[in-house]
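K.L.:
In case it helps, TrEMBL gives these features for our protein:
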TRANSMEM  24-42  transmembrane segment
TRANSMEM  63-87  transmembrane segment
TRANSMEM  107-134  transmembrane segment
TRANSMEM  155-176  transmembrane segment
TRANSMEM  196-218  transmembrane segment
TRANSMEM  297-322  transmembrane segment
TRANSMEM  353-372  transmembrane segment
TRANSMEM  392-409  transmembrane segment
TRANSMEM  429-452  transmembrane segment
Amino acid sequence: MEEADYEVLSVREQLFHERVRECIISILLFATLYILCHIFLTRFKKPAEFTTVDDEDATVNKIALELCTFTLAVALGAVLLLPFSIISNEVLLSLPRNYYIQWLNGSLIHGLWNLVFLFSNLSLIFLMPFAYFFTESEGFAGSRKGVLGRVYETVVMLMLLTLLVLGMVWVASAIVDNNKASRESLYDFWEYYLPYLYSCISFLGVLLLLVCTPLGLARMFSVTGKLLVKPRLLEDLEEQLYCSAFEEAALTRRICNPTSCWLPLDMELLHRQVLALQTQRVLLEKRRKASAWQRNLGYPLAMLCLLVLTGLSVLIVAIHILELLIDEAAMPRGMQGASLGQVSFSKLGSFGAIIQVVLIFYLMVSSVVGFYSSPLFGGLRPRWHDTAMTQIIGNCVCLLVLSSALPVFSRTLGLTRFDLLGDFGRFNWLGNFYIVFLYNAAFAGLTTLCLVKTFTAAVRAELIRAFGLDRLPLPVSGFPRTSRKTQHQ
């Protein structure tokens, strides 16, 4: 009896130590993400909002910034969640009995998925609305001024918003699924209401990824072209430097002689334009000094990598569409227990797992590029040291919606065979064949359409500019038609 008691105590003690170790690892990982996100947000915040004469406004903005940092850390954790799980599985397969990676197990991975799901709910439903109402609040009329008065008003507004969202979800549940059991399940706030609400938010995030990712995949070529130095055949840096210096000299003369113009001048705007031109000229000088290897090899290799990654993504989605028609196992589903280290989730082994991770990161970057390139969300684009607090809150909410939908997005498109863990696999619409099939077909079609249109137009325009055909008085496709009067002049 005593030996059995000792065995039970030893098992409980071992389980306790494992839970403590997992908790410490999770805290260290989140603290690292929090510090990185705090450094990142401080580069975009507007310093005037944190050094105001009114200490109350500065305190409110600091609290809101910390909440935004927490939300952005959760978003970054959601992006790293699926790649970290895939790499962990391959590491456990390669080194199953290594002493130094015993901390890496299925319980830790499953706990991280649950924490990301919990913190995503907390940030989207409570923290970000609280941060927005907190920055906009002024306290109730007749109450004492101060941070506490703003907290009271924010809590009241948040309670009213919660009741409104709860009523909308109740009505939506009654319309979509007119079942007594489904309506009664909404009484359980924690177990059913939050996952159901997050399922709706995740579905909106997946739809947003469906629109932004193809647009971002097409925009990645032009964005990369602006960051890298193009070959001399495709770019004339001397002409760009001459034009930049000419515009800077013209603006400088207007600033030095403001009385020579009939119209009133906005001196602050002119100074900003001069600074922008000086920055552009410095960048052009750096690009002109680039080596021949960087100019003639870097740009073609980058374009080739983007083309290969994009084509590979479309090919995998096309194969997944065929698998959906043949095999029911290709449907995305949830997995309650994380059985890691048993089998590889790629037919190519570790090499295929690395390709999956690269594709997941590439599609996430493309979705962010497409999000900020779209006309609807282009105004949210943050500016260096000139982003208002409300704009930072909006960016954090949008990035969290995109990143928290990334695991579902990747599994729905068949980019990986890693099944969704925890509450991520409980979404009802994941089991609908028609939704999953149409989603894959729409992604493949939109991506192909955007690439064909953008890539062919970009190549045609670059070749026309390289050969100087845009300077000829001929009607060339892609350029404005020159009138006859201009041609005679």
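Here the Cβ of each residue, glycine as well, is placed from N, Cα and C on the backbone.
TrEMBL annotations: computationally assigned, not manually curated.
Tell me about the surroundings of these features in the structure.
P.N.:
The list of residues near the transmembrane segment (24-42) in space but at least 6 beyond its ends in sequence, with Cβ under 8 angstroms from a Cβ of it, reads 65, 68-70, 72-73, 76-77, 103, 108, 111-112, 115, 392.
Within its own chain, the transmembrane segment (63-87) is flanked in space by residues 29-30, 33-34, 36-38, 40-41, 45, 50, 109, 112-113, 115-116, 119-120, 123, 127-128, 130-132, 134-135, 338, 340, 345, 353, 356-357, 360-361, 364, 389, 392-393, 396-397, 399-400, 402-404, 406-407, 410, 416, 418, 421, which lie at least six positions past its ends and keep a Cβ under 8 Å from the stretch.
Same-chain residues lying 6 or more positions outside the transmembrane segment (429-452) and placing a CB less than 8 Å from one of its CB atoms are 199, 203, 206, 210-211, 213-215, 217-218, 310, 313-314, 317-318, 320-321, 324-325, 331-334, 408, 412-414, 420.
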